[in-house]
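Per Swiss-Prot, the features are as follows:
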- 12-31: transmembrane segment (TRANSMEM)
- 46-68: transmembrane segment (TRANSMEM)
- 89-111: transmembrane segment (TRANSMEM)
- 121-143: transmembrane segment (TRANSMEM)
- 155-177: transmembrane segment (TRANSMEM)
- 187-209: transmembrane segment (TRANSMEM)
- 244-266: transmembrane segment (TRANSMEM)
- 281-303: transmembrane segment (TRANSMEM)
- 316-335: transmembrane segment (TRANSMEM)
- 350-372: transmembrane segment (TRANSMEM)
- 385-407: transmembrane segment (TRANSMEM)
- 417-439: transmembrane segment (TRANSMEM)
Amino acid sequence: MKHSGFQAKRLIQLALPVLIAQVTQTMMGFIDTVMAGRVSAVDMAAVAVGTSLWLPAILFVQGLLMAFTPLFAHHNGANNQKAIQPLAFQGAYLALIGGLGVMVFLASAPLVLSHMNLEPQLYNLTIGYIDGILWGAPAFVLYQVLRGCSEGISYTLPTMVIGFVGLAVNIPANYIFIYGHFGIPAMGGAGCGIATALVFWAMLIAMAIYMQFHKKFAALAPFSQFHRPDFATMKKMTKLGLPIAMALFFEVSLFAIIALLLAPLGATVVASHQIALNFSAIVFMLPLSIGIAVSIRIGYYLGRDRADISAVVAKVGLLLALSLALSTAILTVLFRFQIAELYNSDPEVVVLAGSLMLMAALYQLSDSVQVVAAGALRGYKDTRSAFYITLFSYWGIGMSLGYTLAYTDFIVPAMGAHGFWTGLIAGLTSAALLFFIRLRYIQKHRVHLSLIEGDSVHH
């Protein structure tokens, strides 16, 4: 078992900096909300509405670029670091195209928002926020490419360091643009958008400097030569990345739409649902970090032609995530009301959120299996299955069952928010099972899904 122990240690070493980086990212969102909220509730709402538009768009591009990391890891495992740089350039071109797409989409935000009958003040502040943040889109997506290179060579520390850089820029930038200092007018929630764009540029520049001068990147020499766009590679990578982008989009859109569908049931229900969901999202960072580490390690060992060790990595990753999920689920059940009180002191909200937390605890178990299994499949370059599995599980099962239970008496009397959570648990459990079955299939049949060197190669 020494082997499993070693793999578990390596996974934790890789996952920990990724986890801390995610915590800093979540902290930034939290700080934005609080600092805008100190101006007024409308400013806080503007940041929330603006985020619900730009986040799905930028995550879509991030999903597209997630396909690169296991490939970088594959080249690293094969001792072929010089193949990473030309591939990263193609990633950067794709990122720029995607980033421009996001900017165009955000520039057309008034068209979308005009259909949402917002109060004039909220509408104007939201547009202001979006007009600021859209200038950060190219920096955000280019940073993802550099981050992928670093994580691809099994070096996740910069991700964490740059996370702290972002946090360090975020607070003073918010202070200046939200409240107005150093001759800059107070812009309220709208200033948050400019501050966030500055954070993205600071993170990109810091990462580029880190990679240029740190000895870890000497063999990679990321900026030593220039590569022209190679459309064949870009097309192949888009084919590999698009299913991940779509899978991410299905997930994000599902949660956004559930929140909208719960709105008619009143503020208490929506608030309770948001509390359970937000807490789940925080807990989700644990298995997500392990999933990212698993995809890096599997790519690395496949590059070394050690499919046997890749299988060990997947198994250890799943066991690690499940044992963590069991611990967090038990803590969630024990402290569910205390957790709800951290968010809101309204007794009605606390009681409802507390009961949803019981469901969130169950949800954590399925969630951890599905995210690690999906990470493992990315390592095997099998991304297409993610598209079908998430579409079927989240929308086919999760959404349809959730809606039926929440709003109709078709199966049981209408359950409201609990109905959607039952649907979510069913959908995630389905995804976890299907991802696991697919993973076993690929390992058993040793299908080395190598899209870059031509199509499927059987070992």
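Keep in mind that glycine also has a Cβ here, set from the backbone N, Cα and C atoms.
Proximity of the transmembrane segment (121-143) to the transmembrane segment (316-335) is not established, fewer than 3 Cβ-Cβ distances being under 8 Å for residue pairs spaced 6 or more apart. Here the transmembrane segment (417-439) sits apart from the transmembrane segment (46-68); fewer than 3 CB pairs are under 8 Å, leaving out pairs fewer than 6 apart in sequence. At the 8 Å Cβ threshold, with sequence separation of at least 6, the transmembrane segment (350-372) comes into contact with the transmembrane segment (316-335) through 3 or more pairs. Same-chain residues lying 6+ beyond the ends of the transmembrane segment (187-209) with a Cβ under 8 Å from its Cβ atoms: 28, 32, 35-36, 39-40, 42-47, 50, 124-137, 139-140, 142-143, 146-147, 150, 158, 161-162, 165-166, 169-170, 173-174, 176-180, 223. Here the transmembrane segment (385-407) does not lie next to the transmembrane segment (46-68) in space: the count of CB pairs under 8 Å, restricted to residues six or more apart, is fewer than 3. Only pairs six or more apart in sequence are counted, and the transmembrane segment (46-68) with the transmembrane segment (281-303) gives fewer than three Cβ pairs under 8 Å, not enough to call it a contact. Residues 7, 10-12, 14-16, 18-19, 22-23, 26, 69-78, 80, 151-152, 154, 156, 309-310, 313-314, 317, 320-321, 324-325, 328, 332, 364, 367-368, 371-372, 374-376, 378-381, 448 of the same chain lie 6+ residues outside the transmembrane segment (281-303) yet bring a C-beta within less than 8 angstroms of a C-beta in it.
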